[in-house]
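J.: One structure, pasted below without further comment.
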């Protein structure tokens, strides 16, 4: 109907929360205890705070270029060729993002829900189911993000609430002896879990009402994500001790599995939580999938990203299934994901800012 | 011929030729005047026009008005024609017309045409009065408390029922003709200073684009103007209740009343509006809030209940408490089919019963209920074809579909239910979740006249507090703003607590 997609300020919040919270929420407590012991919450909060300036930069870029989308601004600031290279890096990032997310989902679904189903079926059916929404424009994607946002809160709420009765918060003590040398590593580990906030690059230019408060909205979303991460981390530490936590790849699910709710209809909540979690992952995967399609369509100067999404189905599928085990997943998918994530999430906005500032100086 | 000519004979010849073999169209020839005679032809459709009214106030008054029959020698036909128009005919609705197409339209709608000798105009008397049903209680949306009048097939009565509830000159009714042959009148209803102009233009544009020979009911029009006609879910709301239409207009939506249909259409329709029922507003808020939540659960159960049963029994028995699992296994021990086959079998039986039950009525209908519900259910369990729990699941599913206020919405869920059963049979709980992802995607993509179908759950209208009247129902005092999803021009309903 109306050609120009429209997004509202409040949907930005939903989009950020639902894109960011996904695979990371399950594994973050484990990766953090490896480096930070029981002080992981420090780096989560630090990472959350450090992302706020980046959010500000992204908002600033769109504020000084009103009415233009990310690709137009990029071309104007960097020139065609350099921007193409940037787009290629972004493409690699989003495809890797998708592959990593869907592979993790496959592993977990195989482990917790469908032990005899081949992982190929799980991965392929998930990509096919999500491609329906990904072929649509950004307004539809943000609507989806906002629609699933309460489900994510529900998911986090259930996990946190059911574990409180058996939690032992003395595991968090002592609070003061922080190993400062480990903080950079911990920060890096935490940052991975915040990947996905770059989605606002695609959504911000289309915000219609409440244009001025998009920064506030994004900070609000980031605060919410940080709170959810810190709470799940605290709950996991309180439930398992640091030593136990270090040995569990997906402690949140383990935690849900261990909690018994005598007297309730559902004795084991892990199935329900897994089902909810698949929805949570879908809300992470769809925006990333969309972004991959969009970036590729811009690289080849195509009008629509519809067919790119279809072409991406086999690419993501094979990339996701290429690693043989968890170790290989970490090496082939997660490591590049970290590097590329830093490049698009941190370095790219900074580059934007620097080039824009230099251009301004030169003009004067 | 486009317009009437001066020659009465030619005009009548033309109409007679046009209405050849239309025996229900009557031509009455009269002559008035004492010395100087003037010929007048009256044309109307028998049964559509009120014959008594035509005889009394058109024909009789022509005969009996004395000064009309004394025609001065020097009077032109034009003057005489005007005299008839102004003085002789006792009718509230009267107009001069010379375009043949309009005259034909009017005659076929039940008006009476009066053709006068030597005039290239005719008088059209509003005499529409076809057979009609009296105003009855709506069959599909009954309420315990609230008005009991429902629409019938006659548009003017329907319009009056709505107008009685909105005594405001800003309430507009625009007529449009739809259907090349049926020439069905569609009334576009809106309140001028509330409705969003863009929405109104879109509705009018879509009505203009309709090209079909006949619109027999509003359902046909609904299919022709909705955004995605392939979807199993409705994107237009329909109602038999004038109070629902009036309430929708006050919310800034647009109503469509189609002649010959007791169902009015309301656009845009969203997920939020399709779970509202008119009774929600006549009951206390606390009760309605509980009912709203129950409806949302019913909506969910109506397509997932059998699928969840299959997923849990076949793939994830560990989810249930141990005792329940033992009981389940014991009750299924004699059932020879896998649970998918069992579920499909029972759901099909249920659909069969429902279809048979809706087509027949009265005493046979209740027989079907007894034979179907009681005997087949009991016998199937006794014979060991299905487990008793399956019967409960099927019953819960069916009852859930009835708890959804919008019948079309419930039908949509009924249709997708079988897909969910298949998905659960293949991939268990994971399959059900994949199905939910695709279904939600479909809802998120759908729009109704440009308004996202998932509003207000997907963001549009959240700031105006639409959730207060969709997810729950706040007391009326708290709903001081109109819903935001329609972008109303006038946002306030009442003086609110805040600014």
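In case you wondered, yes, glycine gets a Cβ from its N, Cα and C as well.
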J.: With TrEMBL as the source, identify the stretch among A:249-270, A:337-358 annotated transmembrane segment.
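T.: Of the candidate stretches, TrEMBL labels A:337-358 as transmembrane segment.
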J.: Please indicate, using numbers and ranges, the residues of the same chain that are 6 or more beyond the transmembrane segment (A:146-167) and have a C-beta under 8 Å from a C-beta there.
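T.: Same-chain residues near the transmembrane segment (A:146-167) but 6 or more away: 10-11, 13-15, 17-18, 21, 25, 228, 231-232, 235-236, 238-239, 252, 255-256, 258-259, 261, 269, 272-273, 276-277, 279-280, 282-283.
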J.: Counting only residues 6 or more past its boundaries, what in the same chain has a CB within less than 8 Å of a CB in the transmembrane segment (A:114-134)?
T.: 102-103, 105-107, 140-141, 144, 278, 282, 285-286, 289-290, 293, 309-310, 313, 316-317, 320-321
J.: If I count Cβ-Cβ pairs under 8 A between the transmembrane segment (A:12-29) and each of A:41-62, A:82-102, A:187-207, A:304-322, A:337-358, which range comes out on top?
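T.: So the stretch in question is A:187-207.
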J.: Counting only CB pairs under 8 A, let me know which of A:82-102, A:187-207, A:304-322, A:337-358 has the most with the transmembrane segment (A:41-62).
T.: A:187-207
J.: Looking at the transmembrane segment (A:271-292) and the transmembrane segment (A:337-358), are there 3+ C-beta pairs under 8 A, with each pair at least 6 apart in sequence?
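T.: Counting Cβ pairs under 8 Å (6 or more apart in sequence), the transmembrane segment (A:271-292) does not reach the transmembrane segment (A:337-358), since there are fewer than 3.
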J.: Against which stretches of its own chain does the transmembrane segment (A:337-358) lie, if we need a Cβ under 8 Å and a gap of at least six residues from its ends?
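T.: The answer is 51, 54, 57-58, 60-61, 64, 73-74, 77-78, 86, 89-90, 92-93, 96-97, 100, 188, 191-192, 194-195, 197-198.
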